[in-house]
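First comes the structure, then the notes that go with it.
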């Protein structure tokens, strides 16, 4: 009757030596060289600790219906028309004040509960002798992020265009993009910039100076800007026709930079450490097997006895 091998298992062999022997010292050294160098290699590879991370999020953006407009005229030096939604600013303009017709509509194109774009239109009435050569426009927004930390701020889109020829309409189509000078936190509530971009209650003209408004805004570490506006300046205005500003501002998905939390840093470091450690475990396992099998250090080889045989020997 032919016999076949149906099952097999390796015979475990142990190696005994004193705690103060060369074999014990070698095993201690091999263990240290197995676990410590992978940590040093991962650390020295620059990127062991995750100092900054990023994620994508569709921000919650809402137009606050706050507008500040300055239209530059070419009829006389220093000529301009101005208007805003702030009564204190309008009172300061005196003869330069001109009230436009404004309409604004926000649109949620993908029906996810968050607005995706703003359609803004402003019609500024002009006299037949008035000609517009440039426009400065500020629109303010409420800007919120919720995925990691809850970040709330009041931001703005600043548009400035000037041309050599008098225009009848300015068309703008751009994105309201987030700009970060420093990463956000990974959790908590951040409302440090949840303050008005324009101090609309101030009676002082200096608080409405565009240079000061933009300079103070740029001091923030987190801002929004209107990117790729692609302004189109249309010329040829009828005598009684208004000057029109047409703007389409999209609220795109943003890549948010943030400071990772403790456990995220540990997870990232652990993955790097273990990937290198596996190589060292494989290498030193074979080194230890060679050293003990060939008696490079003096030990007493002992063949491990199966559990059943140990039990029988104990009973006898």
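One is the number of the first residue shown, and numbering goes on along the chain from there.
Yeah, the Cβs are placed from backbone N, Cα and C, and that goes for glycine too.
Checked against Swiss-Prot, the range among 241-261, 262-282 recorded as transmembrane segment is 262-282. Away from its own ends, the transmembrane segment (23-43) comes close to residues 15, 17, 269, 272-273, 276-277, 279-281, 284, 287-288, 291-292, 297-299 of its chain (Cβ-Cβ under 8 Å, at least six residues beyond either end). If you take the C-beta of residue 221 (N-linked glycosylation site) and look for same-chain residues 6 or more apart in sequence within under 8 angstroms, you find 180, 181, 182.
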